[in-house]
């Protein structure tokens, strides 16, 4: 299954996120994921593993496991490179060993002190607070993103972690409309207004952290995952599926693109098996009632300030 973006290109509705994947395991994980059926991989300069992803992709192409045009590869512009968009894009392409990106996203709507192309450091000031660059506007960043399309480096461009206000502004000043807004959304953080606003205006929504972060975010942020919710366990029993499969299926039926992350073979397989059942309208409504407006991924822990405040 795929969603047709406003750029005309098709984006697989399920992908594999590579955040926090360790370099030494990436090749085997990605090769196995391709064998399972994954054709969409979500990367970022900030994940600091584009080089390892590139090695895995090169091997997949060389062995004939898959062709480049069969895959959809996303990566993201880091905050410190807002003033160096084209250079950062080229740096990511080189690491990924690709001639073009299917999707290039502005990772966060904030420019920070430049620390060198692709270094993805989050420079802090003397108070331990994120060193924000107030001389670079999101509009100028976006027009540089548009340049990557005209140069043939990127097929589609988009935004990430933008709220309704910033998304509306981007629609107003853009020559090329954002094709995607990647946001945290899951049953505990549904963000229905933002999702509907984007979809109404032709912007596809990708759900990062579609399972509420699970173990990864519990470790980093001390958050609670919906996977432990007794009501979701009850739904899993009803459909004879895992809780994760029910939650991912909910995301798909909202017409959002889902990019669950896993480093375990059995989870990779499980997360992909979400097309052989459908949640009833009643169960979709029940899950809608479970919203807690609960964000599980908040980089304030590392940046010394809450950008979402």
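Glycine is no exception: its Cβ is also placed from the backbone N, Cα and C atoms.
Listed in TrEMBL:
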- 14-291: domain 'NADP-dependent oxidoreductase' (DOMAIN)
- 47: active site, proton donor (ACT_SITE)
- 76: site 'Lowers pKa of active site Tyr' (SITE)
- 107: substrate binding site (BINDING)
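The most densely surrounded of the recorded positions 76, 107 is 76 (count of other Cβ atoms within 10 A of its Cβ).
Each residue contributes its Cα atom, and for residue 76 (site 'Lowers pKa of active site Tyr') and residue 107 (substrate binding site) those atoms are 5 Å apart. When other Cβ atoms within 10 Å of the Cβ of residue 47 (active site, proton donor) are tallied across all protein chains shown, the result is 20.
Spacing of residue 47 (active site, proton donor) relative to residue 107 (substrate binding site) is 11 Å (Cα to Cα, whole number).
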